[in-house]
Every structure is written in C-alpha cells, then in structure tokens.
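Report on the structure given below.
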Amino acid sequence: VGFKAGVKDYKLTYYTPDYETLDTDILAAFRVTPQPGVPPEEAGAAVAAESSTGTWTTVWTDGLTSLDRYKGRCYHIEPVAGEENQYIAYVAYPLDLFEEGSVTNMFTSIVGNVFGFKALRALRLEDLRIPPAYSKTFQGPPHGIQVERDKLNKYGRPLLGCTIKPKLGLSAKNYGRAVYECLRGGLDFTKDDENVNSQPFMRWRDRFVFFAEALYKAQAETGEIKGHYLNATAGTCEEMIKRAVFARELGVPIVMHDYLTGGFTANTSLAHYCRDNGLLLHIHRAMHAVIDRQKNHGIHFRVLAKALRLSGGDHIHAGTVVGKLEGERDITLGFVDLLRDDYVEKDRSRGIYFTQFWVSIPGVLPVASGGIHVWHMPALTEIFGDDSVLQFGGGTLGHPWGNAPGAVANRVALEACVQARNEGRDLAREGNEIIREASKWSTELAAACEIWKEIKFVFEAMDTL
C-alpha cells in the first residue's frame, strides 16, 4: 500500500473527544480564537498537531513512527462564557515528547511555532498540568520556604523587603549606604532593581563588596540575619555564575535572577548552583507583562509561575492584589497557592484548570511589590499570610525622614498587624484602626501614615476569567 499524499483536516487525526487522559500526560488548556470560518474542533486539533507531531501536509516519514504514541490530542473543547468565538481547547501531550528536567524544551513544544499559526486569530495558554512523573525530573527551588525560614531564623510573619531606588545612577558606595539604612531600620531584605546588572556607573563587583559591608554592619547592630538580593543576571551564563560565586565568597545569603529575560536554561543552571552552595535565589519576572498581559493571546502568569517552580527559585514577584478588583484577587491567589502548596485542587473560579500535585518540589515564596505602603499592610498580611515577602520600595525610601525611619515604620506596621491577627482581630475590617493605634507609639509610622494617606492605585482589572 503506497502512502497517500495531500493535505487533510487536522481534526481527523488530532481531535479525539473519547480520549481518556493518562496520569503521565502533560495537560494544557488553551484559549483559542479561530479565524472566521474555522470550526473550533479544527482549531483545537491544529493546536494539538502543531505543538506536537503534526505539520501542514501528510509526509511519508509519518509511517516510520507510531503517531498514536507521540501525538498531542485535543480531547475537549468548550466555549468561553461571555466571549464570541473563543474556546478553551484541552490538549494532552504524551510525556515522551519532552526532555527530562528542561523547561526550555517543554515550552519550545507547547508554546512554540503554534502561536504564529494562521488559522488562529489569537491563542493563549491558560494553564498546564505538570504530572509528578515529569516534575520529579526537576530539582525545583534551591531551598524552599521551610529551609529559608530556618536559614534566616524568622518565623510566624511575612518577610519585609525594599527595592533600592533610584534604580539606576547611584554609585556603589551610596547604594551600599542606602542598603545599610534600610536593614538597620528593621527590614529583612533589600533588593537590586531588576535593571541593575553591571553598568558604567556601578560595576557589579563594587556593588557586591559595599553591599556585603552594609549587611554585616546591619546584622551586628540588630542581631538579626539580613539579606540583599544581589542581581547576578548577566549577558552570558558563565558571567552569571561568576557573580554568584563571588556572592558566595562574600558569605551573603541570597542572589537574584531575572528569569524571563535571562532565560530558563540560565535560570535552571543558577538554581542548581544555589542549591549546591547554600544560596537562596530571588526571582524577578521582568518582561512577564509582554507575555501575559493580553487576555486572549500569550501565556497566563500562572503557567510562568509553574515553570519557575520547576526551573528553580525561592522567591518570585506575584503582584499585590491591593487596590485592584476582586476578580483579580482570586486569580492572583490561585497562582500564589500553585507556588506555595504541595497540592492544589482544580478551581475554575480562581483560574485553576487542573488539579496540580507537586510531590516533593519545594514551595516558592510569593513577593508582593509595586505601589504599596503602610496603609496596605493589614490587607497584605491577610491576603498573603505568613509565607510571603512584602516589598516596599517607594513605601520605605519615600519616608520624609529617610530610609531607616521608613523601614521602622514598615516593621512596626507589620508586627502590629501580625499581633492583631494572632489575637483574633479582623484585619480586613479593623486594619486602619490597627495601624492608627500602632502609630501612637511610633513616630516613624505616624509620619508614614500622614504622607501616604491619600494615595490609591485603582484601575480596571486586566485579567478576568
């Protein structure tokens, strides 16, 4: 029997509504917007084909392998409520399509060429189910939440951070001075801005040295373990590891990486180095909005968060929720749980399309940062709980009396909120009152309350279910 050449509909091979998914399959939920005249089944099947074994025409080499064993399958399609001509297409991928321990390879297949496919007007990857059989091939975060708490000897409260501003232009010595003031005032961490790498006004080695001096001085004065996220992101992997090695030689606890601009291969290499050498790894998500902001095209952040948990990181930025709409709060808390918890049930109201079981992969601390200040502290404490990092950049450095009083104000506000919560008070209802009470005995907090009492960031939610 000769092989039959020609073009045939994808749905004849790749749309299989009777397929029962296997425990080892990687499952994907795509939001598909077909071109006019393309039926949803054909669009869903095209996604399955182009992200696995298919191409646009029948090829004779198909006969040299078992397509049934290796092909992706679109096994279910449902219309998106309230949207015209949008569908959720569920696709199952056999595990053997992917290299073990490689987020890079997984994404190259699942979100590769298929996103430029002409039969689709738009395509968004909403969620991925990573099976234990695949996640066990990854190291995951270098240390995880519990090990980090033990290293820092800090329990029972969120951790406090601050991004040093202005983000660009400070000399290394002035940068170190700003770090020292913040840590002395009561913060647990300070942070390199994501754009700070090794520029002419501040080379990385100078910054690392002045920062280490600030760290040891602040630790000696406060009796607490302190950290500064030293950004090791660089133009090459070799240079990145060189910076991490120098950080380790200085004896500091944590380094940082921009995982999307740096790339998953570099990130996974750095995560392995950090575990082997006892360094915590803070992850910034610069560039995420390019990928996840459009609601009908791209990749949802919950997928990027899962990918980071596989690739490795101990902290990752995760938005703030505060001052946004309720719908966004549920979606944000959905991926915060996917970062922290071992087992997360499917819950479409929070945007979670699949039950996710992480088995032995450690959890990641979500970092709330961006436009937050002391008046937000009760809401942040309630929403994110103890296992989080609350990061106030302008909300520390913008204090009228300087960095250290700004840090004091944040620490006092946090301790007051944690104590009130532990006493059974309702932070959502009594939050402002709790902050006012605390400001009576902390002049630093009173000054912060006064300067930021009118500031609000209220916009429509971009991300809806």
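Heads up, residue numbers simply count up from 1 along the chain you see.
Cβ coordinates are placed from backbone N, Cα and C, and glycine is handled just like the others.
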ASN113, THR163, LYS167, HIS317, SER369 bind substrate in Swiss-Prot, but which of ARG73, ARG203, ARG205, ARG285 does that record place at the same site? ARG285
I need the most crowded of these binding-site residues: ASN113, THR163, SER369. Count other C-beta atoms within 10 angstroms of each C-beta and give me the top one. THR163
Among all chains shown, work out which of the binding-site residues LYS191, ARG285, HIS317 has the most CB atoms within 10 A of its CB. LYS191
Given the recorded Mg(2+) site (LYS191, ASP193, GLU194), which additional residues of the same chain have their Cβ within 8 Å of the Cβ centre, ordered by sequence? THR163, ILE164, LYS167, ASP192, ASN195, VAL196, TYR229, ASN231, MET256, HIS284
Name the residue among the recorded positions LYS4, LYS167 whose Cβ has the smallest number of other Cβ atoms within 10 Å. LYS4
Recorded substrate binding residues, ASN113, THR163, LYS167, ARG285, HIS317, SER369 - maximal Cα separation rounded to whole Å: 37
Rounded distance in angstrom between the Cα atoms of LYS167 (substrate binding site) and LYS191 (Mg(2+) binding site): 10
Cβ density check for ASP193 (Mg(2+) binding site), other Cβ within 10 Å (all protein chains) comes to 18
What subset of the recorded positions LYS4, ASN113, ARG285 lies within 10 angstroms of LYS191 (Mg(2+) binding site), using C-alpha positions? none
